[in-house]
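Colleague: Let me give you the structure first, and then I'll get to my questions.
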Amino acid sequence: MTAPTESSPFSPADLARHRLSPQEYRRITELIGRHPNLNELGMFSVMWSEHCCYKNSRPLLKGFPTTGPRVLVGPGENAGVIDIGDGLRVAFKIESHNHPSAVEPFQGAATGVGGILRDIFTMGARPIASLNSLRFGPLEDARNRALFRGVVHGIGHYGNCVGVPTVGGEVYFDPTYSGNPLVNAMAIGVLETPEIVRSGAAGIGNPVLYVGSTTGRDGMGGASFASAELSDASQKDRPAVQVGDPFTEKSLIEACLEAFRTGAVVAAQDMGAAGLTCSSSEMAAKGGVGIEMDLDLVPVRETGMVPYEFLLSESQERMLFVAEKGREGELIALFERWGLHAVVVGRVIGEPLVRIFHSGKVVAELPARALTDDAPVYPRAVLPEPPAAILKLRAFDWHSLAEPTDYAEALLTLLDSPTIGSKSWVYRQYDHQVQNNTVIVPGAADAAVIRVRPQSFGPGEVEAVPFTERGIAATVDCNSRYVYLDPYRGAMLAVAEAARNLSCVGATPLAVTDNLNFGSPEKPEGYWQLAMACRGIADACLELMTPVTGGNVSLYNETQSDGRTTAIYPTPTIGMVGLVEDIHRTCSQNFKSPGDLVYLLGGGEPTLGGSEYLACLHGVAAGEPPVLDMALEIQVQSVCRLGIERGLFKSAHDVAEGGLAVALAECCITGNLGLDAVLGANHPRADVVCFGEMAAAIIVTIDPCDQVACELWLECSLAERWKLLGTVAAQSFDLRVENRDCRISTSCERLKTTFEQAIPRRMEHIPVTEAPQR
């Protein structure tokens, strides 16, 4: 079509409020052959937002590997689905709720959990676990403490009330997140329906059902809000934050799963971002059909709502179904039995349009593809080389920095870092045992492990499998400082660490869901970070054979304050799931018995570049991140999994932030045991040996009775890439560096107190001088 010749009814200010550029408006008029009305402009505003259409990232996402022998559903549906054998299928996905959580932390985080759970059960899967990846500014700041407290409370409240265990996650703290926290929520479910539920509408004349809660004005324009930078004025956007009701969500889960098992549901889509607009247009476009709806039939919680508000509302706990004609009454009765609304609001039509009625009039009529597939895409030029500022940071010479005069105090300083310290303040607010399937609880290992129960497909129907020992392991990982210094290598390291964490509990990595949290793609450096990180994820996933089944992109994570714009560290969070063949053969990180032998498997070249040691003790974020030897990484992970499967390894823990000294201390703290060990002097500086970070490194313990057999096996499997470090002790922590005047000798109680108080003392605003003695 061609653009209309008459002048636009909308001013530049109108378009700016809808976050549409003049060029995008012209494209709209070309697609529909006329000027849109206000309702239609609002629909385009949300559907063409970065949050919904990925207009800046879509070309980059095409580089991800998305297929594999276990992948049943890849990107494009509500969640990815994989086959884990024994007739069991698992759905999983990660999504962000960053901007809402910055404005209203409790509701922003709570509805983030609710939204990701709906993505899971919309596929026909019962949610069995959730995880989260969180980023905040330093807790010394009162506003950051308030955001942290609100977000954790919101996650705990929603997850606890809805009855889905929060089994794991990660929390990082850095000044770049002070104005823009990150809240990424991941959920996992096991399919309870014979067929995977799809979202493409089908069957001309089939009724369209609105089910769930009522529609109000909450969350108005939330998708557009989530696609803009935050500023000092963002607090005025509180109406763009949704309000959740976990008890309604619990009923919705049960009602939907029961409805799917009847076979009366042709297609289903949850109403998340962009509400009715997104659910109707995506269902129509995916099915190659149209949908018409009458807004007068939509259940409401507020009076006087106009079509614009209906179409852009993001009220929670709502779904849109296409039902088999003649069976809508059966579904309505089912939902009413669960105390939920279920109303026929429209029908599937042959014309590929979304047609909206209100008060007997057509108030919006748009091609479904114009709202979805025809959204603009902006392939941008990638900088041919890193920005000068990044090159300068990478060239930082940390060799000139003074080494610690007291290595024990240096270790305690790292354990007191909220990024490294215990996250028990967080996970003790979560119910991680509800459903009674959690095999490994938060804080006990490098990944969560959840039992998978046999699934019944309905009354009188055969279970998927009569009995299984299988379980699912899950983790979320990303060292965003690495990604800031080197987006490509940092993203690869994030994927490798996620796989390593799964391997440390005995799980085989299977597939990935990613959450790309970045700044503005319109800035050359921002797009370069995004593009290079996507390449890193793609290459690492290919090497590890972990296809990407879906995810989320959150851009414009920048804060404008006092005329200055600050972007977050680029944070491509990797959610990864793995298969545990036997839940009775898993591994935790804690040392088990005095006298056990402690080994290091693998271990690349340690470096202080981008390390927590540099950040905590020197206030520096610079240098080259660790080098990743992917062949060694794969080899070390394979050995770790096999050692756990054989019952040889009693504990396993990967070496991450803080290096070997911190990893060993964590094993002691969680096991209430000590250590007597010597680190090989593989670097002239003792602080690099103790606190340098590396990839492909795992600490394991064995029973001394198995020493000869174990070392013969390690020699065959890893050649010289392993080392006996020492033994587990009863109470004291004694760590030395070979041929160096360096010794860390302290009590485990001192380590534990410092580690466990890292977050609580800051949340209680206790100065270091008044904190428990280290």
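Cβ from N, Cα, C; glycine included.
The following feature annotations were taken from Swiss-Prot:
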- H51: active site (ACT_SITE)
- H97: active site, proton acceptor (ACT_SITE)
- Y54, K93, D514, G551: ATP binding site (BINDING)
- E95, N552: Mg(2+) 1 binding site (BINDING)
- S96, H97, N98, H99, R118, Q242, E314, S315, Q316, S554: substrate binding site (BINDING)
- D119, D270: Mg(2+) 2 binding site (BINDING)
Colleague: Considering only the binding-site residues D119, D270, N552, which residue has the minimal Cα-Cα separation from S96 (substrate binding site)?
Modeller: N552
Colleague: Whole-number Å only: compute the distance from the Cα of R118 (substrate binding site) to the Cα of H97 (active site, proton acceptor).
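Modeller: For R118 (substrate binding site) versus H97 (active site, proton acceptor), the Cα atoms are 14 Å apart.
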Colleague: With every protein chain in view, how many other Cβ atoms are within 10 Å of the Cβ of E95 (Mg(2+) 1 binding site)?
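Modeller: For E95 (Mg(2+) 1 binding site), the count of other Cβ atoms within 10 Å is 26.
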Colleague: Using the Cβ center of Y54, K93, D514, G551 as the ATP site position, which other residues in that chain lie within 8 Å, going by their Cβ?
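Modeller: Apart from the listed residues, the neighbours are L61, P75, I94, E95, T513, N515, L516, V548, G550, N552, V553.
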Colleague: Filter the recorded positions H51, E95, Q316 down to those whose C-alpha lies within 10 angstroms of the C-alpha of G551 (ATP binding site); answer none if the list is empty.
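Modeller: Within 10 Å of G551 (ATP binding site): E95.
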Colleague: Could you check which of the recorded positions E95, H97, Q316 is the closest Cα neighbour of Y54 (ATP binding site)?
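Modeller: With Cα distances computed to Y54 (ATP binding site), the winner among E95, H97, Q316 is E95.
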Colleague: If you count the other Cβ atoms within 10 Å of each Cβ, which of the recorded positions H51, H97, R118 comes out on top?
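Modeller: The largest 10 Å Cβ neighbour count belongs to H97.
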Colleague: Run through the Cβ atoms and count how many others sit within 10 Å of the one on S96 (substrate binding site).
Modeller: 27
Colleague: According to DSSP, collapsed to three classes, what secondary structure does D119 (Mg(2+) 2 binding site) have?
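Modeller: In the DSSP reduction, D119 (Mg(2+) 2 binding site) maps to helix.
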Colleague: Inside 10 Å of the Cβ of K93 (ATP binding site), count up the other Cβ atoms and send me the figure.
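Modeller: Counting Cβ neighbours of K93 (ATP binding site) within 10 Å gives 28.
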Colleague: So if I measure Cβ to Cβ from Q316 (substrate binding site) and keep only same-chain residues at least 6 apart in sequence, which ones fall under 8 Å?
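Modeller: When sequence neighbours closer than 6 are ignored, Q316 (substrate binding site) has T111, G114, G115, S213, D218, G219, Q242, V243, G244, D245, T248, E249 within Cβ distance under 8 Å.
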